[in-house]
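Visitor: Here it is, the structure in full.
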Amino acid sequence: MRAQWEQRISESLVEQFHNVQTEEEVATGFTDVLSFGTAGIRSTFGIGPGRLNKFTIQKFALGLAKYLTHISNTPKIVIHFDTRHLSQEFAIEIAKVLGTNGIEVILPETYKSTPELSFAVRHLKTTAGIMITASHNPKNYNGIKVYGSDGGQLLTEPSLELSRYIDTVEDPLNIQTDDFEALQECKLILPFKDETTKAYKAAVKNLVGSFESAETKTILTSLHGTSLPLLSDVLEDLSYTNYVVEEKQSTPNGDFPTVRIANPEEADTFDLSKQLAEKEQAQLIIATDPDADRIGIVERYEDGTTRYFNGNEIGLLLIKLRHAQLTSDAHKYMIKSVVTGALSEKLAQSLNIEVINVLTGFKYISEQLKQLEEKQSQLVIAFEESHGYLVEDFSRDKDAIQTAALLIKYKEQLSQDNQTFKDVLDNIYQELGQYKDKTLSPTFEGAEGREKIQQIMNDFKQLDTIELDNLTALYIENYITQESHDIQSGETSTIQLPQTDLIKFIFEEGFIAVRPSGTEPKMKLYFSLDVEELDDMIEEFEGKFNLK
């Protein structure tokens, strides 16, 4: 089989990546088959059925064509792509396969963001949407996310159904497609019109409202991704022009050459923009990841010092902002993942906001939004601790554009009262507790590592109590068995969420949660506790459960 693939290297779109790979790296492309999972597809480039290349992309597209014609008599789809290597090329190949199979495709000429894609699906009333991106992952990755007609990523059942259709494609090396220009002439591949972008910008303007003042100076960086010029256009529509773009990072570039990793969850991502903020005497830095679904912020003070805000802290700021904005007596709710910081729930409850917990993955938030859209309730915020936020659901995925505009306006409002984001958080901590949050990802390589991860999770499953210094244990939530165990009474209740590989320990002081990574040889450890020394607590936990 490998020989057949090697004969087609020049057609594969990934020859440049193949040529610099080791024999071991090439061989891994033939040890597995690329599959469409519950989070879509994400992989590295290379030849073979287990890597991203023209042929595996076409296989996905043919399976998708079968799926779409099964669920709709007149299927229509919109495709967007980010600035990563081969994103546009993959989008074109998918469009050709779908168009050849009679499906109408709407395809832009240039890169677009994830929130724009989600919005476009809803605005254009398409059957589905595709985003070509690997979000905040390293430069050698790309991927595919599929969206349903509601603008949210496919849930488990439709994902499995799509996967079954993809698996029926037996010969990815010989999928026939019509010429791209011919499909355009037949109106099977249509241009993406600017009207949809204007509608998205209008929705953001309606949410945020025009600025009455603009004393806050902001540095904007797209980290070589898709948020610019869209974000700057949105801000100017809001009468806010007191921003400076970090030009060294504004040029689309799939190598992301100015950062270690293009992820605003990482504080060192701001190293370059902080230098510009010092030069410009700016008070705020906004960074977005390559597909503009995640956002990070840094606040700069008069003495030249800066403060980075983690994902949970940004969520707290947005809860306070939205609670102040939504002044009606209508029922208010917040949606968050079960591993999002404990203080967000405590803050929401203190403000009489209902908290809806979902599993990790924004598609579960989208599912809740769909179920709640008929109710006369107000969304305060939907978010995950991994820097993904949605404050109004005209899009149904993480939206760094609307979030950025809101945060800049909030910063401006606070500055009128000589307040900062730090001041807001300090007040929350003083009132509700000095919660500290940290996420760790210990790596366990190879077959031995996989066995260790499995053993660690098995050990956690057996626990009916947990003892850690200065913590009072209340519950153990086992999402594998969907049971919550009351440590004090010994009683068990059912967790009303889908099954997933997660154990969560609830204490009076917060929680610790553990799960294996779904895509990498890692564990994910979430700590959210009202303690003086979080690092000491983490060291005790890691030592007790052999996690180092």
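Placed from the backbone N, Cα and C atoms, the Cβ positions cover glycine too.
Note that the coordinates shown come from a computational prediction; the quantities given were computed from them, not determined experimentally.
I grabbed these lines from TrEMBL:
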| type | residues | note |
| --- | --- | --- |
| DOMAIN | 35-168 | domain 'Alpha-D-phosphohexomutase alpha/beta/alpha' |
| DOMAIN | 199-299 | domain 'Alpha-D-phosphohexomutase alpha/beta/alpha' |
| DOMAIN | 310-430 | domain 'Alpha-D-phosphohexomutase alpha/beta/alpha' |
| DOMAIN | 499-529 | domain 'Alpha-D-phosphohexomutase C-terminal' |
Visitor: By DSSP, what is the split of the domain 'Alpha-D-phosphohexomutase C-terminal' (499-529) into helix, strand and coil residues?
Guide: 0 helix, 20 strand, 11 coil
Visitor: Find the average pLDDT over the domain 'Alpha-D-phosphohexomutase C-terminal' (499-529) in the predicted model and report it.
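Guide: The answer is 92, the mean pLDDT of the model over that range.
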Visitor: What are the DSSP helix, strand and coil residue counts for the domain 'Alpha-D-phosphohexomutase alpha/beta/alpha' (35-168)?
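Guide: Grouping H, G, I as helix and E, B as strand yields 55 helix, 31 strand, 48 coil.
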